[in-house]
Structure formats: C-alpha cells, structure tokens
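**Student:** My questions will all concern the structure given below.
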C-alpha cells in the first residue's frame, strides 16, 4: 500500500522533504515551499508595494526557481511588484553564453523584461581575458567583486528599487561557517542579514535564505523548470569547498543542521566595542567602499598595469601607488561610468515615468522628486 | 618563576624599556630555542622552537597570565569598587583527561607558590578543591586512576551521573515528556510534559534505580549527537551543584583552545548560537554566584600533550560516546575531526576561531531570558515562532485551524489526555515549549521522546520558574491594585458606613 502524505493524509507521498524528513506529496511540497518563501518575504518586510524588483538571473537552478516563485507569489498575494530579470555576462565561453540562452528562454516563459550587462561592456575585461592575465588561482575574487558592482550598475540602468538573488540556506550556512573559520567578524555579522542595509544603494535581498538547496532542485525538477546545470569552467573557490564539504557531512548527521547554523548565526551578536569598517564612497567610481578606492577599481588598476596581484596579496594592498606602470596585458581600457551619473539617469527615468503617469513611484532613487504613494510594506498578505 | 600578580603593581605597569627587551628576546638564533637561544630545541609551537625547560616555563607563565587576566576581569565586573577582593574558594573540574589534569597541576603549582611567599602576596584562591563527575554508569572509567591524578594533597569532591535521578528521599519530582515535535505533521511546535511526583514513582516506570533510569534516558536519545548534548548538560549541572555545595564561587574548566574551537563550531551547528558566548567565554558569570573560568584557552592540544609529558603531569584516557568511532558518528566528533584537519591545512585556524568568538557577546534579551529546563542556559523567546514560520507543516486548507491552535497560551494545563497511558495517575499535561531552548527542542525532537523521563533538575527548574512567575504575577497584580486603589470601593467599609 502506498504511503500517504504526512501533511494532507490524502495523496500518495512522492518525496521525503530534506528539511524535516517528512514524506509528502507533490502539491503539499509546492505549498510548504512557496509558503515558507512567502513567510520570509512578509516577516522581513522585504518589499514595498510598487517596488521595481530585479531578479539576479544566471540561468542556474536557484535563480530560475526564484524567478518562477517570485512571479507566482507576486500574482497570488498581490505584492504589486514590477519584476525584471537582470543578468550579468561575465564572458566565460562555454559556460555563461549557454546559461544566458536559458535566461533568454525564461524571459519568454515568464514574460519578464530582461537586461544583460557584461563585464566586457562595463570594465573592458571579460573573465576569459582576466583568467588569461591572472591564471586559474584567485580568479573567483575578480568575478565576485565585479559581479557585485555590475548588478548595481544594471539595477540603476533599469532604475530598480531592489535586487533579489538566489542565495539559498546552504550558501548562507556555508558563509557563516567560513567567516567563523576565518575570523571575519564584520562579515559574520553581515552575512546573516536577509537584506543589505542599503546605505543609499540598491537594497539586495535573499528570499531563499531559508530554502534548502536540495528542495530548490526538487522544486525545479517537479515543476519541470528550464534551467542550466553546469559548473563554472574555472576552478571553484577552494576555501569555500572545505566549508561546503563539512556542511554536507553535518547535514548527513542531522538534516536540520543547515537551518540550525543560520539560527545560530542570526542569534550571535558582535560586542559593541569591536571596531567595524565604515561604509564610504570610492573616490574614483563613487561605489560603496570601506577604503579610499573600492576593490573593483583596485583590481582593475592591477589588471591594467599588468600587476594582477594588486588587491589580492596582502602586501600589495597597501602600495597601490607604488606599483610600476607596466604595459597592460589583455582587455581594453574602458571609461567607467561614475555612479553619480547612473543615479542621475535613474532619477530622470523616474521623473519621466511619473510625468507620463505610467507608474507609481516608491523607489529609493526618487529622492522626493515625485509624490510617493502606496508605500506600505508587505506585512499582512 | 614569574609572578604575574606582582608584575601588575602600578610601578610595574610604567613604560620601561620592556618593549625593547621583548623584541630582543624574540630574536631567533637559527636552530636554537627561541627563549634561551642556546639549547637545542625539542618542539615547534606555531613556528617557534622551544627546548624542554623553556617550553615548560613558558607554559606556566602563559597559564598564570591567562588566569590573572580572568581574575581581574571578574573582579571588575563583580566588585568594581573593591581594591582587593577576598580570595574565593575555587573548584577545578577534573575529568582526568590531559587538559583538566594539566589545569589542576598548573593551578596547584600557582596556588602553592603564592602560599610559599607568605603574607606579602595574596594567594589567588583561598582553597583549591577538585570536582569530579563519575561517569562509570555510562563508561568504563578507571575511577581510582582519576583519584590518583588529583593526588592526596587536595580535597576531592565527587558526584555521580546517576545522582540526577536520585529523588524520592527528600521528596522531589521528575519530568516525563509526553510529546515532542518541532513541526512535522503538527500545526505548531509542541512540547508537552507532565511532572511525576515522588509518590507516583511506585506506580510508574520510574520506580527503577537511578542508574537504570539514566541508562533508559540515554538509550532513548538514539543518536550520539543527542547523547553528547544531554551528557554535557548533566555534567554542567552536577559540577555547578558540587561547586555550590563546597562554597566555591569560581569553577575552573580545562577547555583547551582546540576544544573551544571545535565546541564553537559544533554548538553553532547544533543551533546553540543564542547561548554560545556564555558557553565558551573565557569568564562566564551567567550562573548564579559562580564564575566559570577557562584558563587553558591559550593552549592548543599539542602543547598540553607535550607539557604533560615533560612536566610529568599524569592523566588518564576518558572515553566518550564516540571514542574510536568514525568521524560521522556525531556532530561533535565530526566537528573535532574537521577543525583539527583544517588547522593542519590552514595554520592558526584554532586560535583565530577562539579569538573571533571571544568578541561575540550574548544578546541583551539572553541575560533576561528564562533558563532552559534541560541545559539551564537562556531560552530565546522568539525561536519557536522563527522555526514554525520556516518549517511549514500545515496542509493547504488548514491555515485557519493552525492559527486557532497557535492562540492557545503557553503553560496552559491542557485538560485533554491527562492520563495518556497511566490510567492510575491523573497528572495534567504542561506545555513546556517556551521553557526549552532551540537546541534542546531539537534533541527532544530527534529522539524517542514519548515517555522519556528527564533528570530531576528539569522538574526543579520548572518548579522554580513556575513559582517565580506566580510570585511575579501576584506582585504585578498588587502593583496594578495600588495604582487604582483610590477608585476601589471597600465593600466591608461601605457596609459599615
């Protein structure tokens, strides 16, 4: 006799839920998965009605499921959000070009507008050319730093209020462990936050913060979503690999460990007297930075001067000015658009929309240019 | 030997050419001991070479420095306006293993050297007492060997694990879990228990001897992770009790840096982040009238092994639930293997982890929270809601029913199923969900919790909390009455008028 679903006691159980070890049916799985994401959004008041929200879409499982679930919940609970797909083309042949094809198909499937910004267009360097200059070691540092800034640049091009990314519970738990191992207190405090504070920049959040990676894959599998499932051709981050392997072992011993680690991370509090970095503006590009020059500008300068270790090796960090000007290798020098200019463009777009009365303004880029209406947070839906 | 306390006099703190001296001391002579610069080295500790005598001497100095720092910090917090607080009695927690044995010998050495100096220098502690928890009920521990590790010169106090079930003589009660679930299949978190008074023992399963009850408890816990968690809680309770009974206001624990680092990761993985800063702190004042100090926090396991060997400190092998088991046997075992392995690949992982977590502090609400019935540490009041919102277990149509159940107030004695198996005992069921910390909820969820009888201290804690909340309610009610007193009509007075 087939085993019945432990939740509805009605249908045949088809899966064992990794998070709770319950045997449940497909419909109940969809229900609990979507409800938990909805609870995360509502409890943390992630959005305001009328927000223009960009979904960071890579074509992988997390972002594909995120786009699908965001669209579903937006319609079901009437969040009143304008959703956009925002993709970054790092320029990795045989990996990103294929995954972007998936994003383009998602655009049609979910009827969401899509913007693709590339490293080549923003910085003059694709990841392929960076790897050529840097080698396979440390190239993830370049990719991560550039992607963070590229997402903000893309968001301002679309005049978005908010970016959501597909980081899942496994990613967050891994990061908490990694920051404990490395003794990185500022990041340990920040990594458990579901949304960035903003600090005048586009707010970024993780609606899948409490969703297990396995459940995301399961959701994509049962819903037959179209996603791209190949690992990046460049080497995975070695140190994160340790934390990932350990986390998988922990999950095998006790499946609730992932959620327990996130709970622990959130419950920890850094002592008041510990000095934390202060957010400031990069003097070159205007991006948020804890130093005089932001990491992206430092890395780019290193690339352009032919000293790719600049900004990576601890010793080279202090001597930005002391580096000899060697002929650059690969890439091309691109005049990077200052963030002040991007903000100005975003405000102009918002003003135009407000004049045409096509949209309700609620955004952070508005700065009081038009009359904000309907700005209540999504709390009681 | 270096006198740390003497070095802390105001004159000694004045800037001298000490810095230059320290730098000179650190100059290395290739192939020679970093301290004496003449002898051939015998051991490498964090890329520094030491000969045997210098290593032992440096270890003693390091221990005294750590202990003195802790004593000063405790004095600053507890008696900030007292110049020289009275020396307290200290209990050294001794399991007999390498760390606690080294701790005992180093503490005694410090204490005795101070006593030898006479009245000029105050001894750090009035008396050193050894506190040992006898685990022979669960493991094959050579108890006489532990006794010989402590020696005859020091007072030896001992408690047994099964003591936590020794109730009945002076009245007492046990707590029996009736249902425990963090969510699956339920509409909300549910932890229900009933109190078994001593007069009911004869009719219930708890009539067996304390040792049998202890065995039954650990058998029902099923996984080694759960067993380790409960054993820690029991040992900590017994040590605290021993310390109080011996009039000790300081409890010295032998946690080494390696142990603290793996404890930090394992406690995080078990969901103990809320109480973590209290559990691994260099000094912890959470327990009423007892300061818990970890003076071995700067020693990695390797240092302790060499110190014990060269200083001749005896120790015994103390078995645990996972001794000789593979790495995946429990979260603690897995974490220990991982941290030790990571420290080999990335040097100084252990000190980094320890240093980082010393900069964490308990949340303000943790200090005011009620203590968990099982582990005695603070309960996060928001953890129940947090978990139930993220592990939804209601069927699509049952949301409204769930809301109705959620509205049932905690601590409400339920009228249903008050017998639940024991037909002759009508004991009301208690909802203890708000009295269990997040991690202890997981322990009870992931084991055969139906009919699980918890140690007597759980029932005692429950009684204490119920009494204090009742008296708080009375007090609160009285306060309210005073505020509206002038509007109340005294019926007796009215009648007489």
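Any Cβ shown, glycine's included, is placed from N, Cα and C.
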**Student:** Figure out which of A:41, A:88, A:180, A:194 sits with A:56, A:57, A:58, A:62, A:166, A:171 in the ATP site per TrEMBL.
**Tutor:** A:88
**Student:** Which whole number is the mean pLDDT over the domain 'Cytoplasmic tRNA 2-thiolation protein 1 C-terminal' (A:281-310)?
**Tutor:** 82
**Student:** Does residue A:171 (ATP binding site) have same-chain partners at least 6 apart in sequence with Cβ under 8 Å from its own Cβ, and which are they?
**Tutor:** A:213
**Student:** DSSP three-state call for residue A:171 (ATP binding site): helix, strand or coil?
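**Tutor:** Once the DSSP labels are grouped into three classes, residue A:171 (ATP binding site) ends up as helix.
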**Student:** Measuring Cα to Cα across A:56, A:57, A:58, A:62, A:88, A:166, A:171, which the record gives as the ATP binders, how far apart are the two most distant ones in Å?
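**Tutor:** The widest Cα-Cα gap among those binding residues is 20 Å.
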**Student:** Who sits close to residue A:62 (ATP binding site): which same-chain residues at least 6 apart have their Cβ under 8 Å from its Cβ?
**Tutor:** A:166, A:167, A:168, A:208, A:213, A:216
**Student:** In three-state terms from DSSP, label residue A:166 (ATP binding site) for me.
**Tutor:** coil
**Student:** Could you tell me which of these binding-site residues, A:57, A:88, has the greatest number of Cβ atoms within 10 Å of its own Cβ?
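**Tutor:** Output for this query is A:57.
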**Student:** Sequence gap of 6 or more, Cβ distance under 8 Å: name the residues on the same chain that satisfy this around residue A:58 (ATP binding site), in order along the sequence.
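**Tutor:** Within the chain, residue A:58 (ATP binding site) has Cβ neighbours under 8 Å at A:87, A:88, A:99, A:103, A:166, A:228.
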**Student:** Quick one: DSSP breakdown of the domain 'Cytoplasmic tRNA 2-thiolation protein 1 C-terminal' (A:281-310) into helix, strand and coil?
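**Tutor:** Across the domain 'Cytoplasmic tRNA 2-thiolation protein 1 C-terminal' (A:281-310), DSSP assigns the residues as follows: 10 helix, 3 strand, 17 coil.
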**Student:** In sequence order, which residues at least six apart in the same chain have a CB under 8 Å from the CB of residue A:56 (ATP binding site)?
**Tutor:** A:63, A:86, A:87, A:88, A:151, A:163, A:164, A:165, A:166
